[in-house]
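A quick write-up on the structure given underneath.
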Amino acid sequence: MPSGGDQSPPPPPPPPAAAASDEEEEDDGEAEDAAPPAESPTPQIQQRFDELCSRLNMDEAARAEAWDSYRSMSESYTLEGNDLHWLACALYVACRKSVPTVSKGTVEGNYVSLTRILKCSEQSLIEFFNKMKKWEDMANLPPHFRERTERLERNFTVSAVIFKKYEPIFQDIFKYPQEEQPRQQRGRKQRRQPCTVSEIFHFCWVLFIYAKGNFPMISDDLVNSYHLLLCALDLVYGNALQCSNRKELVNPNFKGLSEDFHAKDSKPSSDPPCIIEKLCSLHDGLVLEAKGIKEHFWKPYIRKLYEKKLLKGKEENLTGFLEPGNFGESFKAINKAYEEYVLSVGNLDERIFLGEDAEEEIGTLSRCLNAGSGTETAERVQMKNILQQHFDKSKALRISTPLTGVRYIKENSPCVTPVSTATHSLSRLHTMLTGLRNAPSEKLEQILRTCSRDPTQAIANRLKEMFEIYSQHFQPDEDFSNCAKEIASKHFRFAEMLYYKVLESVIEQEQKRLGDMDLSGILEQDAFHRSLLACCLEVVTFSYKPPGNFPFITEIFDVPLYHFYKVIEVFIRAEDGLCREVVKHLNQIEEQILDHLAWKPESPLWEKIRDNENRVPTCEEVMPPQNLERADEICIAGSPLTPRRVTEVRADTGGLGRSITSPTTLYDRYSSPPASTTRRRLFVENDSPSDGGTPGRMPPQPLVNAVPVQNVSGETVSVTPVPGQTLVTMATATVTANNGQTVTIPVQGIANENGGITFFPVQVNVGGQAQAVTGSIQPLSAQALAGSLSSQQVTGTTLQVPGQVAIQQISPGGQQQKQGQSVTSSSNRPRKTSSLSLFFRKVYHLAAVRLRDLCAKLDISDELRKKIWTCFEFSIIQCPELMMDRHLDQLLMCAIYVMAKVTKEDKSFQNIMRCYRTQPQARSQVYRSVLIKGKRKRRNSGSSDSRSHQNSPTELNKDRTSRDSSPVMRSSSTLPVPQPSSAPPTPTRLTGANSDMEEEERGDLIQFYNNIYIKQIKTFAMKYSQANMDAPPLSPYPFVRTGSPRRIQLSQNHPVYISPHKNETMLSPREKIFYYFSNSPSKRLREINSMIRTGETPTKKRGILLEDGSESPAKRICPENHSALLRRLQDVANDRGSH
């Protein structure tokens, strides 16, 4: 490696082989360059494959396709572990692809059961899912096949969760199988005998999974599937009561039994009782939902089974199939029908949950209903834990608390089940929508009519159009199209109710913040309404099918995710009744958008950056000052990443710009880019290509208007900028007065809405001495004219120009800044409340939280953490193309590694990724599959700026890179060494299903670091090496808030909220009641309880205030800036209140 003097980092360390053996890897394997070279299949493998195909009776076409696929993969990748497992993946793909379905009938001879494939290949189901995901990556299978596999895994997960609920519920209704007497072998003519509890247990489960499979729209819906199970138990229980041996079947302690059940002469009623309501109350069900499933899905389906003779008995009241003469044939017919369904569809045979070897086949769970002893062996306990580990690993059916929210929300308690969590979420949704209709309320109608342009009809038309789009995506088999449409209609109706409810709350909040401002402009924003309805639909879908189906809804409505994220915080703040799981789900969605989805090549984000002169705002520009660390060692002035702050004067406030502590308004979120971006283009001069700058883009129309102000003797001309316009303050004009004297004076102008600037001279006399300008506009000095251009936001300022003055020539003053220097005026950065600023504020906050967590786990000092942050911010600001089609966490991990390397505090990528995997959002694909090279669409920016190119970023900004040595690393030296039976390496070249895309190259994180990242960052990172004593100042680091970010409603029945305590200066007038935790006496709590019970407010001057707060601690403390007298008065008041 060539030497680079003191500025060169040390060479990479040798591969940490010893450390790798101690590393516990969660995944089956890693992308590993040091893996053994791939080889062709051996004759032994081919022999095992032939034996496997013979046992499965595989047809020749699928057999040949599977072998060709396996041979191709084994030649390209190292397939570690059991060969049969990989062969099973190839066979499964071949079975699903090789034989087309000609009709909707069954194709029993063509499809091979997945359960048989797994059994013959000696592979558990969970192992199969892990291997299959990697096979899909290597074979680059199309998206629809991947979706099918994901749905298969989700169906399995739902069934596994429901089976764990099925066992205790069944035991609650029926007796234990252990209490049954063993059957005696009888003659052939005496076979028909009453059914047993064990047979009913098996029959009820098979009936349920057969029905669930025939409702594809709810087969992976946890809530509806659970209610379908309750319907099956309700039906079987009603039939059991009709049996002559009912007292041998039913649990005598079941709380749903009738009062006369234990009487000797009790007789069953002709119509079986309904115990849906009792089951819901005992086992976390929703009565309304369960009864709806029973009436609209279950009962019509069971009647069809009677019509097809699959169930025998009395069709009129759906009974009789448990009678001795009918049960055997019914059980046999249902089992056969289910087998045909599994073979035709290719789904998992979910009867394996009932098998004696269920642990080996699933990789999971032992049954509670077993004939053995009640105590489980250590082996069975270990096998039982495998399923839970799978759920924890895949985060199936649960929402992990995002890292940004772990300070505010506890994780679920161990006793909470996925079913109870899902039903609770849906119950909260029903509570929120009680009494509402899918139309605007009278209050909302009145608000909309007050707008200058009533948007009511446009809103209704938009919802109708979106409903039609939503319904079109629910078109399953013809037999169940009506059911699918009914579910789609129901979900959309709930979403409409929620939409109008939230819209009303949002408008009311906007009116409180903006006063009487007309909201027509915002309410006509199509992106806002589509995003809001999509958000409501996502909440409804999540309530029925956790963890939701994001981004399916945004895709069908074609809502750009950059716009969708804006409505999430608005939605959460506007609706206080959301349960914690929904809030976590929405927060997860927002984080996904911020960390990678908004950075896709087709995202509108790149257009926003282009409109901002291809400039990404810094963290200091978008963060409120109180949200930044201000340590003594952090120097702000002169930093290339943290330009010096200048005073802002807003045209709409009449004073200095205030830091933003209140939530950003909807108007700001969806407002157009500020005019400053257009103003800057006027003064941008073309840079030479060698400087790597951005050429000026001069619009064709003239932007500068010379306005002569003549014949004004004895009068004053007032020029008052309207709110939002900008007064340009740094330009010069050559002026000829009446006496012929020519002077050069400063001129000031106003930018109009078309992007042009109209200049006006500062007040001047014939002697050429500039006089003071009234208002807050200061005359420009010679030093200012020699500097760079800037502008100020002004308000309410009158520019007075007496005398006769004519502008002859206007020449912009100042010189073009060199590339790499940041412009230090307020015109060069977006407003803190602009949509682009809001996006990057959230991005920086998210990155800061994740980086702080990683640094704590890696034992990185605060000083190094700030250097890492500065490097990360540099990569976002100066090299935004590094984020295109990549992930925020990838840049964070690379920044940690490079800054630790240059400061001689080496942290291996192996340890960095190990700590990264502990974060809730972590996915192995983030470091396994990183974009290296690929053809992506060019942003049509009209500029030759190298950042507008999305191909190889290594060609960009060459002035920031050098040919010296850099801290490169080999993949084999950092990624964990694969363990036995590990997965194959991640493929590096994917051909893609899209023919118009050239071959895309992906690799692991180390390849990205060596080939792309370090070439962009090396020059900047080396400035912080120990050998460099003149390191640039560090960027301020965002700190983590200590208070809860939102208020919480304590009860749905009372408007009582809990939220962080505000500073005294920010409190509203004291007409409310206050209670300060750890400070106010208990007497106040008694008064509050009395007020809630009676509805009467105590006649006290002090009490409790639980309303929306800011970021202050909840504990009562006096503000530091209060006088001693106020603190003494507060102490006296508290003392008096305690007596």
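Numbering starts at 1 and runs along the chain as it is shown here.
Cβ from N, Cα, C; glycine included.
Between SER266, SER270, SER659, SER982, Swiss-Prot assigns phosphoserine to SER982; no such entry appears for the others, which is not proof they lack it. When SER603, SER1080 are compared with the annotations in Swiss-Prot, the one labelled phosphoserine turns out to be SER1080. As annotated in Swiss-Prot, phosphoserine applies, among SER8, SER1068, to SER1068. Cross-referencing THR401, THR720, THR986 with Swiss-Prot, the residue annotated as phosphothreonine turns out to be THR986. The number of other Cβ atoms within 10 Å of the Cβ belonging to SER1080 (phosphoserine), over all protein chains shown, comes to 18. Summarising model confidence by region, the region 'Domain A' (417-616) averages a pLDDT of 88. Cβ-based neighbour count (10 Å, all protein chains) for THR417 (phosphothreonine) stands at 17.
Recorded residues THR417 (phosphothreonine) and SER1080 (phosphoserine) have their alpha carbons 38 Å apart, per Cα-Cα distance. Within the same chain, residues at least six positions away from SER420 (O-linked glycosylation site) with a Cβ under 8 Å of its Cβ are ASP284.
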